[in-house]
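**Student:** According to Swiss-Prot, the record shows the following:
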BINDING   30, 31, 32, 33, 34, 35  ATP binding site
C-alpha cells in the first residue's frame, strides 16, 4: 500500500494509463478541496512530466455573490501560482428553463461545453476532473437505487474519449478524507459549496448515512467499488461490440432521424444484447445527448412493447421520439409534421415526384412492358378519362379490383398489406378524371387494368412507379 497521497495517485495513474508525458491538461477547478488537490498534484508533476496546465472555472450563477467569489478565488490562486486561468459566468437557470431540463443536467452541459472550448483553444490532450473514490461509491449506489443502464451501473470512467482527446479522473483511487488531509498538509484553504450538505439530494444522503457504514465494514471499500467499475466497463465494452454487430443485421432502414428494425430478428438476440441494442438506437437518434428523463425503464418498455400480441401501436419517448410498431417491423424516429392532403394532376406523358422522393411516370405506347410487376399499371388509352389525378386517401375510398367482382375498401387493402398507419396518409391514390380509383401503386390494380395475357395490339396508357431506392418498395 502506498504511504502518501501523491504516491497513491501516481500508482493509480500508472495502473490505468491515465496520462502521457508532454501533454497539455485542462484542469476543471471549482475551488473546492477535490479540484484543488488535483491541481496541486499535477503542478507537482509538471516539471518532471513536462505538463502544460490550464485551469478552467465555470460560475454557474446559482449562488449569487458566493459563486462569484469562488470565481475570484480561483483567478487569484492561479495568478499566484503562475497558471493560465480561463473562467466564464453562465446563467444556468436561464439555460435550464430554455431547454426544459433539471439544474444538474443543465449545469453539466454548460460546464462540459466550456471545457471542450478551452480544450480546443489550447490544443489540449486531456481534461482532468477531481472525482475521487467516494464519488465512485456514491455514483454506483445511486444508480443501483434509481435504476440505470448496464453502462451506467459501471459508474464513473477513469478515462474516456472527449473532443479530440480524453476526459480523465486521476483521483478515483483516493478517498475524500485523503484529499482533505493532502490539502491540510499543503495549507490550502478551499472554498466549500454548502449545497453539498443539503439532504434534498440523493447523493448527499448516501454520503451522510450509507457510506460511513460501508467504510466501517471495509475502510478501503472505494477500491472494491473501483475494481467492480473496471470489470463492468470491460464486460460492457465487449457486449457493446457484440450488440453493434448483431444490430447491423436486425436494422432494415436507417437515416439521420429514423431507424427501423425487424422484430423477429431482434427477438432472436439474447436479452443482454437486446437491451444494449435499444440503447445503441437511442444513442444514435439522440446523438448521445440522452434526455435526463430517459432511463432503463424506457428500454424495458420497448422490449415489453415488442412482446405484445397487438400487431400495431406506438410509444412516446422524451424529446418527441416516437416508436411505432406495424406488424413485424418497428420504427424509431422523431415526430414529423402531419402529412397534408394532396391532389395533383398527372399529364400523359408526364412525371410527378411524390413527397417521399419517388416518382410516377406516364407514357403512351402500342407495346406493353415486358415486366408487368407491381410497379407498373397498364390500361387501354381510350378506357381512361383524363387528366390522371394523384391524391391522398379519403374516408370511404373504394376501388374495383382486377379479376374480382364488386369493390373493396382502400382501408382493407392497407390492413391486408400490413401498411403502417403513418404511411397510409402519404400513399398515392391514382384516379381518373371521373374519380374512379384505377391504381393503388405496389398494392392493387383496378378492373381498368389489363394483364399481359389479355393484351392485344392497341394504344395503351402506362404508369410506372419509380422508387428512389433500388428495391422499388420504398413505400412499404
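Even glycines carry a Cβ here, placed using N, Cα and C.
Can you tell me where each of these features sits in the structure?
**Tutor:** In this structure, residue 31 (ATP binding site) belongs to neither helix nor strand by DSSP; it is coil. Every protein chain shown contributes to the tally, and the Cβ of residue 31 (ATP binding site) ends up with 20 other Cβ atoms within 10 Å.
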**Student:** Non-local Cβ contacts of residue 33 (ATP binding site) (under 8 Å, 6 or more apart, same chain)?
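**Tutor:** Listed in sequence order, they are 176, 179, 180, 183, 188, 190.
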**Student:** Around the ATP site (30, 31, 32, 33, 34, 35), what further same-chain residues have their C-beta within 8 angstroms of the site's C-beta centre?
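**Tutor:** Here the nearby residues are 29, 36, 37, 130, 190, 191, 193.
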**Student:** Within the chain of residue 32 (ATP binding site), which residues six or more apart in sequence place their C-beta under 8 angstroms from its C-beta?
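**Tutor:** Set apart from residue 32 (ATP binding site) by at least 6 residues yet with Cβ under 8 Å, we have 130, 190, 191, 192, 193.
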**Student:** Can you name the residues of this chain that are 6 or more positions from residue 34 (ATP binding site) yet have a C-beta less than 8 Å from its C-beta?
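**Tutor:** For residue 34 (ATP binding site), the qualifying residues are 130, 131, 132, 135, 171, 176, 179.
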**Student:** What number of additional C-beta atoms lies within 10 angstroms of the C-beta atom of residue 30 (ATP binding site)?
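**Tutor:** For residue 30 (ATP binding site), the count of other Cβ atoms within 10 Å is 23.
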